[in-house]
Amino acid sequence: MDTILVVNAGSSSVKFQIFLVEGEGRLRRQIKGQVDGIGSRPRLRARGVSGDPLADRAYPIEAIPDVPAAMGIAGAWLRDELRIHPIAVGHRVVHGGPDFDRPVLIDHGVVARLDRFVSLAPLHQPHNLAPIRSILAGFPALPQVACFDTAFHRTHSAVADHYAIPRQLHADGVRRYGFHGLSYEYIARALPQVAPDIAKRGVIVAHLGSGASMCALKEGRSVESTMGFTALDGLPMGTRPGQIDPGVVLYLLSEKGMSASDVQKFLYRDCGLKGLSGISNDMRELEASEDANARLAIDYFVYRIGLNAGMLAAALQGPDAFVFTAGIGENSATIRARVGEHLGWLGVTLDPAENSRHASLISGPDSLIPVYVVPTDEELMIAQHTLSLLINRPSPNPKQARVS
Ligand code: AMP
(Lines of atoms letter the chains of each structure in order from A and count residues from 1; the text may use other names and numbers.)
(Lines give C-alpha, C1' and ligand atoms only; values in the text may rest on other atoms or scores of the structure.)
Protein backbone atom coordinates (compact mmCIF):
# COMPACT_ATOMS: atom_id res chain seq x y z
CA MET A 1 0.00 0.00 0.00
CA ASP A 2 1.79 3.15 -1.17
CA THR A 3 1.03 6.27 0.83
CA ILE A 4 2.11 9.90 0.84
CA LEU A 5 2.48 11.90 4.04
CA VAL A 6 1.58 15.60 3.83
CA VAL A 7 2.98 17.86 6.57
CA ASN A 8 1.96 21.41 7.46
CA ALA A 9 4.10 22.58 10.39
CA GLY A 10 3.48 25.81 12.31
CA SER A 11 4.90 27.30 15.49
CA SER A 12 2.71 25.32 17.90
CA SER A 13 1.30 22.50 15.78
CA VAL A 14 2.22 19.94 13.14
CA LYS A 15 -0.76 18.98 10.97
CA PHE A 16 -0.45 15.87 8.85
CA GLN A 17 -2.50 13.83 6.39
CA ILE A 18 -2.02 10.43 4.77
CA PHE A 19 -3.05 9.84 1.16
CA LEU A 20 -3.29 6.41 -0.42
CA VAL A 21 -1.80 6.20 -3.93
CA GLU A 22 -4.29 4.39 -6.13
CA GLY A 23 -4.08 3.40 -9.80
CA GLU A 24 -3.14 6.00 -12.43
CA GLY A 25 -1.80 8.41 -9.86
CA ARG A 26 -5.15 8.94 -8.12
CA LEU A 27 -4.95 9.85 -4.43
CA ARG A 28 -7.40 9.00 -1.66
CA ARG A 29 -7.23 10.72 1.73
CA GLN A 30 -7.07 8.24 4.60
CA ILE A 31 -6.03 10.06 7.77
CA LYS A 32 -6.05 13.62 9.11
CA GLY A 33 -4.13 14.37 12.26
CA GLN A 34 -2.20 16.91 14.22
CA VAL A 35 0.10 17.34 17.15
CA ASP A 36 -0.85 20.64 18.76
CA GLY A 37 -0.03 22.42 22.00
CA ILE A 38 3.71 22.06 21.30
CA GLY A 39 5.65 23.47 24.25
CA SER A 40 2.46 23.94 26.31
CA ARG A 41 -0.05 21.03 26.40
CA PRO A 42 1.00 18.65 23.63
CA ARG A 43 -1.68 16.40 22.19
CA LEU A 44 -1.78 13.98 19.26
CA ARG A 45 -5.16 13.70 17.59
CA ALA A 46 -6.03 11.84 14.42
CA ARG A 47 -9.14 10.73 12.56
CA GLY A 48 -9.88 8.46 9.65
CA VAL A 49 -11.44 9.82 6.52
CA SER A 50 -15.00 9.24 7.74
CA GLY A 51 -14.25 11.09 10.98
CA ASP A 52 -13.64 7.96 13.06
CA PRO A 53 -11.23 8.75 15.92
CA LEU A 54 -7.85 6.98 15.63
CA ALA A 55 -5.87 8.70 18.38
CA ASP A 56 -6.31 11.31 21.10
CA ARG A 57 -3.36 11.38 23.48
CA ALA A 58 -1.96 14.00 25.82
CA TYR A 59 1.81 14.19 26.42
CA PRO A 60 3.87 15.87 29.11
CA ILE A 61 5.30 19.21 28.02
CA GLU A 62 8.88 17.92 28.06
CA ALA A 63 8.00 15.03 25.72
CA ILE A 64 7.15 17.43 22.86
CA PRO A 65 9.08 20.69 23.39
CA ASP A 66 9.39 21.59 19.69
CA VAL A 67 8.32 20.88 16.11
CA PRO A 68 10.91 18.12 15.40
CA ALA A 69 9.75 16.26 18.52
CA ALA A 70 6.12 16.58 17.37
CA MET A 71 7.07 15.24 13.94
CA GLY A 72 8.89 12.37 15.65
CA ILE A 73 5.82 11.44 17.73
CA ALA A 74 3.47 11.59 14.72
CA GLY A 75 5.91 9.62 12.54
CA ALA A 76 6.42 6.92 15.19
CA TRP A 77 2.65 6.59 15.67
CA LEU A 78 2.13 6.15 11.93
CA ARG A 79 4.98 3.65 11.54
CA ASP A 80 4.79 1.61 14.72
CA GLU A 81 1.05 1.50 15.36
CA LEU A 82 -0.58 1.91 11.96
CA ARG A 83 2.26 0.28 9.99
CA ILE A 84 2.17 3.17 7.54
CA HIS A 85 5.50 3.66 5.75
CA PRO A 86 5.06 6.58 3.33
CA ILE A 87 6.90 6.51 0.02
CA ALA A 88 7.35 10.28 0.15
CA VAL A 89 6.59 13.35 2.27
CA GLY A 90 5.15 16.61 0.90
CA HIS A 91 5.63 19.75 2.98
CA ARG A 92 3.82 23.05 2.92
CA VAL A 93 6.53 25.70 2.90
CA VAL A 94 5.34 29.28 3.10
CA HIS A 95 8.15 30.93 1.15
CA GLY A 96 9.90 29.91 -2.03
CA GLY A 97 11.42 33.38 -2.39
CA PRO A 98 12.09 34.71 -5.88
CA ASP A 99 13.69 31.40 -6.94
CA PHE A 100 11.05 28.70 -6.66
CA ASP A 101 8.11 28.93 -9.04
CA ARG A 102 7.12 25.28 -8.54
CA PRO A 103 7.49 22.47 -5.99
CA VAL A 104 10.94 20.95 -5.62
CA LEU A 105 12.47 17.68 -4.44
CA ILE A 106 14.39 18.43 -1.27
CA ASP A 107 18.08 17.84 -0.67
CA HIS A 108 20.58 19.59 1.59
CA GLY A 109 21.23 22.23 -1.08
CA VAL A 110 17.50 23.07 -1.33
CA VAL A 111 17.23 23.33 2.46
CA ALA A 112 20.17 25.76 2.48
CA ARG A 113 18.45 27.89 -0.20
CA LEU A 114 15.13 27.83 1.69
CA ASP A 115 16.97 28.83 4.85
CA ARG A 116 17.87 32.10 3.10
CA PHE A 117 14.15 32.98 3.01
CA VAL A 118 13.70 32.70 6.79
CA SER A 119 14.12 36.48 7.02
CA LEU A 120 11.20 36.88 4.56
CA ALA A 121 8.85 34.79 6.75
CA PRO A 122 10.44 34.56 10.19
CA LEU A 123 7.30 33.35 11.95
CA HIS A 124 6.59 30.50 9.53
CA GLN A 125 9.61 29.41 7.46
CA PRO A 126 11.72 28.05 10.37
CA HIS A 127 8.82 25.84 11.53
CA ASN A 128 8.21 24.61 7.97
CA LEU A 129 11.88 23.68 7.63
CA ALA A 130 12.22 21.97 11.05
CA PRO A 131 10.42 18.70 10.15
CA ILE A 132 12.17 18.67 6.74
CA ARG A 133 15.51 18.72 8.52
CA SER A 134 14.55 16.07 11.05
CA ILE A 135 13.25 13.69 8.35
CA LEU A 136 16.35 14.37 6.23
CA ALA A 137 18.50 13.40 9.22
CA GLY A 138 16.47 10.37 10.31
CA PHE A 139 15.41 9.00 6.91
CA PRO A 140 17.86 10.38 4.32
CA ALA A 141 16.55 8.11 1.53
CA LEU A 142 12.90 9.14 1.96
CA PRO A 143 11.99 11.59 -0.83
CA GLN A 144 10.65 14.92 0.43
CA VAL A 145 9.01 17.65 -1.62
CA ALA A 146 8.60 21.33 -0.70
CA CYS A 147 5.40 23.00 -1.97
CA PHE A 148 5.32 26.78 -1.66
CA ASP A 149 2.53 29.25 -0.89
CA THR A 150 4.31 31.79 -3.08
CA ALA A 151 5.13 29.66 -6.15
CA PHE A 152 1.79 29.93 -7.96
CA HIS A 153 2.12 33.74 -8.02
CA ARG A 154 5.56 33.81 -9.65
CA THR A 155 3.80 34.33 -13.00
CA HIS A 156 2.97 37.95 -12.04
CA SER A 157 4.13 40.71 -14.35
CA ALA A 158 6.93 43.05 -13.24
CA VAL A 159 4.45 45.81 -12.33
CA ALA A 160 2.50 43.41 -10.12
CA ASP A 161 5.71 42.10 -8.50
CA HIS A 162 7.25 45.47 -7.52
CA TYR A 163 6.77 48.10 -4.85
CA ALA A 164 7.57 51.70 -5.66
CA ILE A 165 10.83 51.62 -3.71
CA PRO A 166 14.43 51.63 -4.96
CA ARG A 167 14.94 48.62 -7.19
CA GLN A 168 17.87 47.27 -5.19
CA LEU A 169 15.36 46.18 -2.56
CA HIS A 170 13.50 44.16 -5.19
CA ALA A 171 16.78 42.42 -5.97
CA ASP A 172 17.17 41.83 -2.21
CA GLY A 173 13.81 40.01 -2.20
CA VAL A 174 11.38 42.76 -1.20
CA ARG A 175 8.64 41.84 -3.69
CA ARG A 176 4.90 41.40 -3.86
CA TYR A 177 4.97 37.59 -3.62
CA GLY A 178 1.36 36.75 -2.77
CA PHE A 179 0.36 33.74 -0.63
CA HIS A 180 -2.31 30.97 -0.43
CA GLY A 181 -0.87 29.83 -3.77
CA LEU A 182 -1.58 26.14 -3.14
CA SER A 183 -5.24 26.96 -2.57
CA TYR A 184 -5.46 29.07 -5.75
CA GLU A 185 -3.65 26.43 -7.75
CA TYR A 186 -6.12 23.81 -6.53
CA ILE A 187 -9.06 26.06 -7.56
CA ALA A 188 -7.46 26.76 -10.96
CA ARG A 189 -7.14 23.00 -11.54
CA ALA A 190 -10.70 22.30 -10.30
CA LEU A 191 -12.38 24.96 -12.46
CA PRO A 192 -12.24 23.07 -15.78
CA GLN A 193 -14.46 20.39 -14.16
CA VAL A 194 -16.66 22.74 -12.10
CA ALA A 195 -17.12 25.51 -14.65
CA PRO A 196 -15.43 24.72 -17.98
CA ASP A 197 -16.86 27.85 -19.64
CA ILE A 198 -14.96 30.23 -17.39
CA ALA A 199 -11.90 28.16 -16.40
CA LYS A 200 -9.64 29.86 -18.96
CA ARG A 201 -11.10 33.33 -18.49
CA GLY A 202 -10.72 36.05 -15.88
CA VAL A 203 -11.72 34.78 -12.42
CA ILE A 204 -11.53 36.47 -9.03
CA VAL A 205 -11.02 33.89 -6.26
CA ALA A 206 -11.69 34.89 -2.64
CA HIS A 207 -9.90 32.59 -0.17
CA LEU A 208 -11.71 33.56 3.03
CA GLY A 209 -10.43 31.56 6.01
CA SER A 210 -8.61 32.48 9.20
CA GLY A 211 -6.07 33.82 6.70
CA ALA A 212 -7.76 35.63 3.83
CA SER A 213 -6.69 36.89 0.44
CA MET A 214 -7.98 37.24 -3.10
CA CYS A 215 -6.37 36.31 -6.40
CA ALA A 216 -7.04 37.26 -10.01
CA LEU A 217 -6.73 34.26 -12.33
CA LYS A 218 -6.37 34.49 -16.09
CA GLU A 219 -6.10 31.32 -18.18
CA GLY A 220 -5.66 29.41 -14.93
CA ARG A 221 -2.62 31.48 -13.85
CA SER A 222 -2.31 34.07 -11.12
CA VAL A 223 -1.96 37.63 -12.43
CA GLU A 224 -2.55 39.58 -9.18
CA SER A 225 -2.98 38.98 -5.46
CA THR A 226 -4.14 41.10 -2.53
CA MET A 227 -1.17 39.85 -0.50
CA GLY A 228 2.37 41.08 -1.00
CA PHE A 229 5.73 40.80 0.74
CA THR A 230 4.17 39.05 3.73
CA ALA A 231 0.84 37.40 4.50
CA LEU A 232 -0.18 40.58 6.38
CA ASP A 233 -1.37 42.65 3.42
CA GLY A 234 -4.72 42.85 1.68
CA LEU A 235 -7.92 41.66 3.37
CA PRO A 236 -8.52 41.79 7.12
CA MET A 237 -8.10 38.31 8.64
CA GLY A 238 -8.82 36.54 11.90
CA THR A 239 -5.96 38.26 13.74
CA ARG A 240 -4.12 40.23 10.99
CA PRO A 241 -5.20 43.70 9.89
CA GLY A 242 -4.77 43.39 6.13
CA GLN A 243 -3.89 46.57 4.29
CA ILE A 244 -2.64 49.20 6.71
CA ASP A 245 -0.81 52.49 6.16
CA PRO A 246 2.92 51.90 6.94
CA GLY A 247 2.65 55.15 8.88
CA VAL A 248 0.66 53.26 11.53
CA VAL A 249 3.68 50.99 12.07
CA LEU A 250 5.95 54.05 12.39
CA TYR A 251 3.50 55.54 14.89
CA LEU A 252 3.49 52.36 17.00
CA LEU A 253 7.30 52.37 17.03
CA SER A 254 7.87 56.05 17.73
CA GLU A 255 4.85 57.09 19.79
CA LYS A 256 3.72 53.91 21.55
CA GLY A 257 7.19 52.68 22.49
CA MET A 258 6.68 49.31 20.84
CA SER A 259 9.71 47.32 19.65
CA ALA A 260 9.88 45.73 16.19
CA SER A 261 9.07 42.38 17.77
CA ASP A 262 6.10 43.87 19.70
CA VAL A 263 4.76 45.26 16.43
CA GLN A 264 5.27 41.92 14.71
CA LYS A 265 3.29 40.06 17.37
CA PHE A 266 0.64 42.78 17.34
CA LEU A 267 0.15 42.62 13.56
CA TYR A 268 0.02 38.82 13.40
CA ARG A 269 -2.00 38.10 16.55
CA ASP A 270 -4.00 41.05 17.88
CA CYS A 271 -5.55 42.76 14.87
CA GLY A 272 -8.09 41.80 12.20
CA LEU A 273 -11.54 40.53 13.24
CA LYS A 274 -10.23 39.88 16.76
CA GLY A 275 -8.77 43.36 17.24
CA LEU A 276 -11.66 45.24 15.68
CA SER A 277 -14.43 43.30 17.41
CA GLY A 278 -12.63 42.83 20.72
CA ILE A 279 -14.58 39.56 20.83
CA SER A 280 -13.19 36.83 18.61
CA ASN A 281 -11.23 35.97 15.49
CA ASP A 282 -13.82 33.31 14.61
CA MET A 283 -16.43 34.42 12.10
CA ARG A 284 -19.00 32.00 13.56
CA GLU A 285 -18.83 33.74 16.94
CA LEU A 286 -19.05 37.17 15.35
CA GLU A 287 -22.08 36.16 13.28
CA ALA A 288 -23.79 34.85 16.42
CA SER A 289 -23.02 38.01 18.42
CA GLU A 290 -25.43 40.92 18.93
CA ASP A 291 -22.53 43.22 19.85
CA ALA A 292 -22.12 46.37 17.73
CA ASN A 293 -18.35 45.82 17.52
CA ALA A 294 -18.87 42.32 16.12
CA ARG A 295 -21.10 43.89 13.45
CA LEU A 296 -18.46 46.51 12.69
CA ALA A 297 -15.82 43.81 12.24
CA ILE A 298 -18.05 41.89 9.82
CA ASP A 299 -18.98 45.10 7.97
CA TYR A 300 -15.29 45.94 7.60
CA PHE A 301 -14.45 42.42 6.36
CA VAL A 302 -17.19 42.51 3.72
CA TYR A 303 -16.41 46.10 2.70
CA ARG A 304 -12.72 45.34 2.16
CA ILE A 305 -13.55 42.25 0.10
CA GLY A 306 -15.70 44.53 -2.09
CA LEU A 307 -12.91 47.13 -2.43
CA ASN A 308 -10.31 44.50 -3.26
CA ALA A 309 -12.67 42.91 -5.80
CA GLY A 310 -12.65 46.30 -7.54
CA MET A 311 -8.85 46.27 -7.65
CA LEU A 312 -8.70 42.73 -9.05
CA ALA A 313 -11.52 43.50 -11.51
CA ALA A 314 -9.28 46.29 -12.86
CA ALA A 315 -6.29 43.91 -13.06
CA LEU A 316 -8.45 41.56 -15.17
CA GLN A 317 -10.05 44.41 -17.13
CA GLY A 318 -13.39 42.97 -16.04
CA PRO A 319 -13.80 39.54 -14.43
CA ASP A 320 -15.80 36.70 -16.02
CA ALA A 321 -16.56 34.90 -12.74
CA PHE A 322 -16.17 35.06 -8.96
CA VAL A 323 -15.30 32.11 -6.69
CA PHE A 324 -15.60 31.76 -2.90
CA THR A 325 -13.41 29.27 -1.04
CA ALA A 326 -11.88 28.34 2.40
CA GLY A 327 -13.59 28.17 5.82
CA ILE A 328 -15.71 31.33 5.64
CA GLY A 329 -16.11 31.33 1.84
CA GLU A 330 -17.31 27.71 1.79
CA ASN A 331 -19.52 27.80 4.90
CA SER A 332 -20.97 31.24 5.52
CA ALA A 333 -24.00 31.95 3.31
CA THR A 334 -24.42 35.26 5.18
CA ILE A 335 -20.96 36.56 4.29
CA ARG A 336 -21.36 35.40 0.68
CA ALA A 337 -24.74 37.16 0.42
CA ARG A 338 -23.27 40.37 1.80
CA VAL A 339 -20.22 40.22 -0.49
CA GLY A 340 -22.64 39.56 -3.36
CA GLU A 341 -24.37 42.88 -2.56
CA HIS A 342 -21.01 44.68 -2.74
CA LEU A 343 -20.44 43.12 -6.17
CA GLY A 344 -23.74 44.52 -7.48
CA TRP A 345 -21.85 47.05 -9.63
CA LEU A 346 -20.37 44.06 -11.52
CA GLY A 347 -23.91 42.89 -12.28
CA VAL A 348 -23.71 40.10 -9.67
CA THR A 349 -26.90 38.71 -8.16
CA LEU A 350 -27.02 35.64 -5.94
CA ASP A 351 -29.75 33.00 -5.82
CA PRO A 352 -30.65 33.02 -2.08
CA ALA A 353 -31.83 29.39 -2.06
CA GLU A 354 -28.73 28.08 -3.85
CA ASN A 355 -26.51 30.23 -1.63
CA SER A 356 -28.10 28.94 1.58
CA ARG A 357 -27.68 25.32 0.54
CA HIS A 358 -23.98 25.99 -0.34
CA ALA A 359 -24.53 24.94 -3.96
CA SER A 360 -21.63 25.04 -6.40
CA LEU A 361 -23.24 27.75 -8.59
CA ILE A 362 -24.86 30.36 -6.34
CA SER A 363 -25.47 33.27 -8.74
CA GLY A 364 -28.99 34.06 -9.96
CA PRO A 365 -30.05 33.46 -13.58
CA ASP A 366 -29.89 37.23 -14.25
CA SER A 367 -26.36 37.63 -12.83
CA LEU A 368 -23.97 39.14 -15.39
CA ILE A 369 -21.15 36.88 -14.17
CA PRO A 370 -21.47 33.46 -12.48
CA VAL A 371 -20.50 33.06 -8.81
CA TYR A 372 -19.28 29.70 -7.52
CA VAL A 373 -18.40 28.06 -4.22
CA VAL A 374 -15.45 25.71 -4.75
CA PRO A 375 -14.07 23.91 -1.67
CA THR A 376 -10.30 24.16 -1.61
CA ASP A 377 -7.89 21.32 -0.75
CA GLU A 378 -4.32 22.49 -0.21
CA GLU A 379 -3.23 19.14 1.24
CA LEU A 380 -4.42 17.23 -1.82
CA MET A 381 -2.54 19.74 -4.00
CA ILE A 382 0.64 19.02 -1.98
CA ALA A 383 0.09 15.25 -2.26
CA GLN A 384 -0.41 15.55 -6.03
CA HIS A 385 2.75 17.62 -6.46
CA THR A 386 4.69 15.17 -4.30
CA LEU A 387 3.52 12.15 -6.27
CA SER A 388 4.22 13.78 -9.61
CA LEU A 389 7.77 14.80 -8.62
CA LEU A 390 8.32 11.30 -7.27
CA ILE A 391 7.15 9.68 -10.51
CA ASN A 392 9.18 12.03 -12.69
CA ARG A 393 12.39 12.05 -10.73
CA PRO A 394 15.39 10.49 -12.44
CA SER A 395 16.20 7.88 -9.81
CA PRO A 396 15.58 4.26 -8.82
CA ASN A 397 12.27 2.70 -7.82
CA PRO A 398 10.76 4.93 -5.10
CA LYS A 399 9.81 1.85 -3.07
CA GLN A 400 13.51 1.35 -2.34
CA ALA A 401 13.37 4.56 -0.34
CA ARG A 402 10.50 3.36 1.83
CA VAL A 403 11.02 3.87 5.56
CA SER A 404 11.47 0.54 7.23
P1 AMP B 1 -9.87 28.03 7.42
O2 AMP B 1 -8.70 28.83 7.86
O3 AMP B 1 -10.05 27.98 5.94
O4 AMP B 1 -9.95 26.67 8.07
O5 AMP B 1 -11.15 28.81 7.95
C6 AMP B 1 -11.35 28.93 9.34
C7 AMP B 1 -12.40 29.97 9.60
O8 AMP B 1 -13.62 29.68 8.87
C9 AMP B 1 -12.83 29.93 11.07
O10 AMP B 1 -12.03 30.80 11.80
C11 AMP B 1 -14.24 30.42 11.02
O12 AMP B 1 -14.22 31.80 11.29
C13 AMP B 1 -14.70 30.21 9.58
N14 AMP B 1 -15.87 29.33 9.49
C15 AMP B 1 -15.90 27.98 9.45
N16 AMP B 1 -17.19 27.54 9.36
C17 AMP B 1 -17.97 28.65 9.34
C18 AMP B 1 -19.39 28.87 9.26
N19 AMP B 1 -20.25 27.86 9.19
N20 AMP B 1 -19.82 30.14 9.26
C21 AMP B 1 -18.96 31.17 9.35
N22 AMP B 1 -17.62 31.03 9.42
C23 AMP B 1 -17.13 29.79 9.43
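Glycine residues also receive a Cβ, built from the backbone N, Cα and C atoms like all the rest.
Going by TrEMBL, these are the annotated features:
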| type | residues | note |
| --- | --- | --- |
| BINDING | Asn8, Glu378 | Mg(2+) binding site |
| BINDING | Lys15, His207, Leu208, Gly209, Ser210, Gly211, Asp282, Met283, Arg284, Gly327, Ile328, Gly329, Glu330, Asn331 | ATP binding site |
| BINDING | Arg92 | substrate binding site |
| ACT_SITE | Asp149 | active site, proton donor/acceptor |
| SITE | His180 | site 'Transition state stabilizer' |
| SITE | Arg240 | site 'Transition state stabilizer' |
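TrEMBL feature annotations superimposed on the structure.
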residue: Asn8; record: Mg(2+) binding site; Cβ within 10 Å: 23
residue: Lys15; record: ATP binding site; Cβ within 10 Å: 17
residue: Asp149; record: active site, proton donor/acceptor; Cβ within 10 Å: 28
residue: His180; record: site 'Transition state stabilizer'; Cβ within 10 Å: 31
residue: Leu208; record: ATP binding site; Cβ within 10 Å: 26
residue: Ser210; record: ATP binding site; Cβ within 10 Å: 16
residue: Arg240; record: site 'Transition state stabilizer'; Cβ within 10 Å: 26
residue: Arg284; record: ATP binding site; Cβ within 10 Å: 12
residue: Glu330; record: ATP binding site; Cβ within 10 Å: 16
residue: Glu378; record: Mg(2+) binding site; Cβ within 10 Å: 21
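Under 6 Å, Cβ to nearest atom of ligand 1: this is the test, and of the recorded positions His180, Asp282, Arg284, Ile328 it is passed by Asp282, Arg284, Ile328.
Inclusion criterion for the binding-site residues Asn8, Lys15, Asp282, Arg284, Ile328, Glu330: a C-alpha placed within 10 angstroms of the C-alpha of His180 (site 'Transition state stabilizer'); this criterion is met by none of them. Counted over every protein chain shown, other Cβ atoms within 10 Å are most numerous around Ile328 among the binding-site residues Arg92, Asp282, Ile328. Rounded to a whole number, the C-alpha distance linking Leu208 (ATP binding site) with Asn8 (Mg(2+) binding site) is 19 angstrom.
On a Cα basis, Asp149 (active site, proton donor/acceptor) lies 16 Å away from Lys15 (ATP binding site). Restricting the recorded positions Asn8, Arg92, Asp149, Glu378 to those with a CA within 10 Å of the CA of Ser210 (ATP binding site) leaves an empty set.
For the pair Arg240 (site 'Transition state stabilizer') and Asp282 (ATP binding site), the C-alpha distance works out to 12 angstrom. The distance from the Cα of Asn8 (Mg(2+) binding site) to the Cα of Arg92 (substrate binding site) comes to 5 Å.
Under DSSP, Ile328 (ATP binding site) is assigned to a helix (H, G or I) in the three-state scheme.
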